[in-house]
Amino acid sequence: MSAVKKRKIANKAPQYESDAESSSSHESVASKHSDNAEAQDGPESSETKPAPKSFKDLGIIDQLCEACATMGYKAPTPIQAESIPLALQDRDLIGLAETGSGKTAAFALPILQALMDKPQSFFGLVLAPTRELAFQISQSFEALGSTINVRCAVIVGGMDMVSQSIALGKKPHIIVATPGRLLDHLENTKGFSLRTLKYLVMDEADRLLDMDFGPLLDKILKILPRERRTFLFSATMSSKVESLQRASLSNPLRVSVSSNKYQTVSTLLQSYRFIPHKHKDIYLVYLLNEFVGQSAIIFTRTVHETQRISFLLRALGFGAIPLHGQLSQSSRLGALGKFRSRSRDILVATDVAARGLDIPSVDVVLNFDLPTDSKTYVHRVGRTARAGKSGVAISFVTQYDVEIWLRIEGALGKKLDEYDLEKDEVMVLAERVGEAQRQAIMEMKNFDEKKGTRAKKFGKGKRSRDEMDQEEG
């Protein structure tokens, strides 16, 4: 992957401009920062970690170590180094780590090693909050277990239940599922039982509970055998997650690789740019030209804006694809596949893409719309600068976003610099972007009409189990 393009960061206070371009002075973000030039880096984790070990040092057998090498895993990540030796001790485990920390291999490797020792069908079950994450976890299991011909089945909503029943009838070693569809099969698929299950993993447990899967998890836990090993992985330890671990784990060991709730990695270059709201599109196009040839995720707040920006960028010749919860399952998987393969290098997304998705090679994150909370900001920018690589995150701050931005900086524990660019260079693009905006408006009308037709056809009502494993954004 090419190195992220280096940019100079402005030390001067940003000049605010109103939508009306008036000459009256405005209070700047930098003036509220007070001593921006002397701002210190955010708090570091108080824990000191030893030098990374090899997977063999952790107790992983040679066959699986070779699979790790094939996948490009040079050394264990902190969560892997802490979790794997404990998981191999046949103990329940709670792992607290942020997105992009390598949690999947932290539970997949011990399960595969145990499977090699005592092969059987329905050996492990992994519960995930979203369909995309379920498919990615399955792919990781299959890649790491390729030398032992591990069989995985993905059981998620939005897919044909009959074909899933056939897949379960082939007795896979590992099932990766969303809770709603798994419970459907446990209740309705003849001959399907998990009474011999040995391992249960609840990945992104905080997200599972945020998406109201709690009652479904309770039902599933009552069906599963008590004599099993359970791994719970989460980015945070909320009261809901605490309750879940008490109900599902037996005398667990706990691993945490970060003591700072809002910590970001040191290889991530974060900045903001104050932008008049009406000029956001122009600045976005300018920055994409600055980072041409590099992969980028553009985060927006709504489905409508995600689609509009995708249409806008396509009209300008960019390879942009949307990702949000109102797309069909096949469209969402297709979008992720194109972005991973780099046939498209720009992903325009709601927060459906902020957590859990396996997109390892993102160079730039652009917060077109600021998130309303600091935790979501950290999850978004965590899509870049992963596994020791460098990355860039730039946030657009309009005259309406100043208070939100100051709250985010407060949570980070540091003041960020303004991204340096020349306004005159940006505004050269105004006419061209304006034409693309008009074209995008026409395409949005067609999109909204089709969406309205579907809404009338299917009606509105309480979410089904199938819909629950689809992100809201």
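The backbone N, Cα and C atoms fix where each Cβ goes, and this holds for glycine too.
As stated in Swiss-Prot, the feature motif 'DEAD box' covers range 203-206 out of the listed 163-166, 195-198, 203-206, 331-334. DSSP assigns S101 (ATP binding site) to coil in the three-state reduction, outside any helix or strand. Confidence annotation: the motif 'Q motif' (53-81) carries a mean pLDDT of 93 in the model.
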